[in-house]
Each structure stands twice: as structure tokens, then as C-alpha cells.
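Asker: Found this in Swiss-Prot, in case it helps:
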- Thr65, Pro66, Ala67, Gly68, Glu69, Gly70, Lys71, Thr72: ATP binding site (BINDING)
Amino acid sequence: MSDIEIAQRAKMLPIIDLAREKLGIPAASLDPYGHYKAKVALDYIDGLKDRPDGKLILVTAISPTPAGEGKTTTTVGLGDALNRIGKKTVMCLREPSLGPCFGVKGGAAGGGHAQVVPMEDINLHFTGDFHAVGVAHNLLSALIDNHINHGNALDIDPRRIQWKRVVDMNDRALRKIVVGMGGTANGYLREDGFDIVVASEVMAILCLATSMADLKERLGRIIVGYKSDGKTPVYARDLKAHGAMAALLKDAIKPNLVQTLENNLAIIHGGPFANIAHGCNTVTATQTALKLADYVVTEAGFGADLGAEKFIDIKCRMAGLNPAAVVLVATVRALKFHGGVKKEDLNQENLAALEAGFANLERHVHNIREHYGLPCVVSINHFSFDTEAEIAWLMKKCEALGVKAVLARHWAEGGKGAEALARTVADIVDHQPGRHTFVYGDEATLWNKIETIATKIYGAAGISADAKVKAQLEAWNADYGHYPVCMAKTQMSFSTDPNAKGAPSGHTVAIREVRLANGAGFVVAIAGDMMTMPGLPKVPAAEHIDVDDDGRISGLF
């Protein structure tokens, strides 16, 4: 059966009953969206602050491949397995974006027998959070152009506006546009463009805010552009935009509660990409889960060089979170791909390619242990085409590396197939928990922070940038030098070349552009050819998605 067929056969339980029975959340503290989705009230969350925190487990992966690694599937499977062995566990995930759903991925709610449900709702509109983020973002865009049209009292330089528009879709045609065409009645003629919603600073702010007051303050700090002197910033609060933006987000800030196929609880909230944003679910969701459960399993997007680095250096730094251990997801197929095998040949046994691709896993393990300071368990996500010889070789190689590796079959068997992984992780978390370290210190310059990530985590020889980028970073050091850096880089490689597989080293990371996300509280460094508005592939997943006369959706996976 396909993922969606498995999900549609799930026996879901009313979310209000599950929340009360498993986590003790009273019905009055939930805002239900139908029978199987609910938002958790902020006043209830505020009342949890004196409870002790549970233990936080981060799931990440080797560098992604077209073969798929199964990070979300592993997060769900591990959470289900921990509950099966008697550990009270909640999973924390990001909300899927419509762009990839209709583009390449076709969905992002786990897979096989390790999924969160209702799968179709989660993958499509869910509770409307992304819509709210997009509208709040575009309200600010409209207010900027409206202010300029009505006299421009703030002296905003139309050539130095930093705030693009957003839409939750992969649409390359919108990367660069012209607005205000058709005469003066339609506003000031200028260049503009669209980013995807998950790259919006409003999304990052929603994911890092700890309260409604913090949300509003961060929204007000957004720098939309500069005055005609080219130096003086114009803030969203100068346009009196932040109050209305916060009003649009008043429900979006509440975490969403759903269930797995095995009727365990998961919080799905926020959804920044890890290649063009910071790649983590909301701080509110994670902190809430830590107060409600003994164990919290969360994931960070793409490979450990992107999502996990940002989880540590941005999310943990800002929110004071302390992960106890990291699970690194790997597959035999993906490692063979990193070893040079074509996608169509990945189901054939190839120990030589497996050995060549192992360098990718080895570097990620090194980064997690040496640079993030955390114990690591390798979860080998089992595929039916994996041979016994390949599995045995990989297990032995991990043992030689000094890292525990566990074969997990949660895709096929659900939580039962990940019980060995759950016991291994729980043993480390209970008896040998780690204490994370940051890759760089707050006091380092912005240039040095970028360089440190590139050399330590990516294996680069150094970084490069033109004079304009260097001057901009230098100018920001005075007021924003303490900010962490959010790298925007291809997820497919340690380098900026998506075709450089394995563990390339000695390369140069070229920084093409830098952006100041003042409301979020970090600086974005865009490396290589990375785009903040993706495009659709030649054959988008949308071509295979349909709905029948009874409203039953097909084609999501």
C-alpha cells in the first residue's frame, strides 16, 4: 500500500480524548479543528512553566539524496517505539509546505507505518498557519508601497526596499517582478520579487517567538528597507504594521496537536526550510512538549550540516534548549548514491560504492560529536532491497567508528520495528546525556561565524565574497554582530555544488548575498546558487494528485 492508503485506513481517536488521557490537557484548553486536530491554548502553556523539562532528542540525517533518508518517518517511528517501551513521548515536527508537496516530495508527514495523521490535512492546508504567515508578510508589503504612494513621510528609498512578497508555492516566474505598472494610480514603479512562505522572516519569527508579546516585538523589529541616505533603517513598527501582523498570527502562534498511526501525540507547528531558513519547528511547540512528556523527539531539516547546525546555533542558543542526544538517519541506498551509484541502480548490491559513500556519514558523525558536543546514534532506515552483506558491512563500519548503529524497520512495522533503536537512544539519554556546544561564539564577527561554519562543518578551505557583501557584514557588526548566522546553501552536498557527493573538502564557499533578519535575530548568508523561491521539477508531484467524487484524495506520498 502507498503512504496515503495506509494513512486513510488509520483508526484515529478524537484528539480531545487523546490529549486528556495521554497528556492531561483539559478539553477547555484545546481549540479543535474538526475531530482530529486541535490547537493548544497559550494560557494553558503558560501554566506549565514550573514543570520540569523532559529529555530532548534530535533526529537529523546524512546529506539528502533523491533516494530519500526517512528523517520524519524515523522521528515518528522512534516516538512510537519509545511509547511502546513505556517512555512517555511526544513528537515535534514542522508543518509541510505546499511548494514541495506539489513539487518533488508529494507530502511530508512520515511514511509507511510511521506517519502522523490526518495525513491529507497536514500536507495541505492543515490549520491555516502558513496562510496566516503569508498574509501577515504580504500585509507589510502592501503597507510599504501604500506609504510610498501617499507621500513617503518616512523617506523610504524604493531602490533599497528589502522586503519581498511571499506565496506558499514553488514558482520560479515570481523570483523577479515589477510592481506599480499602469500609471501613478497603481503606485510607485519598482522591482520586487517573491520568496516562498517558508523563507519568510515572519515564519522565522513565529518559530522563535516565546509569547504574543515577543511575537509583536519581533515583528516590529523587521527592517523593511532604508531611507534615502542609504544607512538609516526603516522598521515595520515605523509603518505601524506590527500590531495588525500580530493580530493575523494570533491563532497561528498556538501549537497544533495531532496523532500518529499508533495514536501517540505529536505537535506540528511552524515550517521553515533548513536550506533557505533555520529549519526547525517552533520554540513554543518544543518547550510545550518538554513540559508535557518525559521524552521529546524532534527533527531538523535536511542533513546535520544544515538543520542540526541551525538547531544548535540558532534555536538552542535563543531558547536555551539542551538536547540530550542526536539520532543520525542513514540508508544503504543513500550512502551508495554518495558513493557514485545512479538512482536507478541503487537497488543492486554494491559494497564498493557503500564504502565510498560512507565518508558522508563519517563527517556528519564527527560534526555531531566534536562540534555539537552530543552523543550520536546511527539509525539505519531499512529498505527491502538492502542486502544482508550491505547491512553487516555498514554496522561493522559504524562500530569501528565508535558510534552505535541500529537497524530500524519502522516504515514496514511501525513503532515495533524501532524498539531496538528506542532502547539504545533511551539508554544514552538516561545514562550518558550530552551537553551541546556551539560551533561559534556570540563574540565572533559575522564573517568569522560564516567562515567557522564553512571550515568546521562543511570541510571547506574558506569562504569568499565580493566587496559589497564584505562591507555589508562589516557594517552590521556594530549593532548585529552578536547575531547567529543562518546559512542558505544547497542541502545536497557539504559544498555549494549539489553534485559534489560524499564528503568534499578543500572547497571555497562563495557567499553571494547577505540579508539581515532583525526580527528573527539572525543574519542570512546565501551561498552559491541557492534560491529563496524554488521552482517546480519537469514532472511535478501535482500531476499525480487527485480527489474523487467522495472527496478522497490520492497521489500524496
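Here the Cβ of each residue, glycine as well, is placed from N, Cα and C on the backbone.
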Asker: Rank the binding-site residues Pro66, Gly68, Gly70 by how many other Cβ atoms lie within 10 Å of each Cβ and give me the one with the fewest.
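Answerer: Checked Pro66, Gly68, Gly70; of these binding-site residues, fewest Cβ neighbours within 10 Å: Pro66.
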Asker: Ten-angstrom check, please: count other Cβ atoms within 10 Å of the Cβ of Thr72 (ATP binding site), all chains counted.
Answerer: 25
Asker: Going along the chain, which residues six or more apart from Thr65 (ATP binding site) have their CB under 8 A from its CB?
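Answerer: Set apart from Thr65 (ATP binding site) by at least 6 residues yet with Cβ under 8 Å, we have Arg333, Ala334, Phe337, His338, Met492.
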Asker: Compile a sequence-ordered list of residues in the same chain as Glu69 (ATP binding site), six or more apart from it, whose Cβ lies below 8 A from its Cβ; state 'none' when nothing qualifies.
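Answerer: Looking at Cβ-Cβ distances below 8 Å from Glu69 (ATP binding site), excluding near sequence neighbours, one finds Ala61, Ile62, Val329, Ala330, Thr331, Ala334, Asn381.
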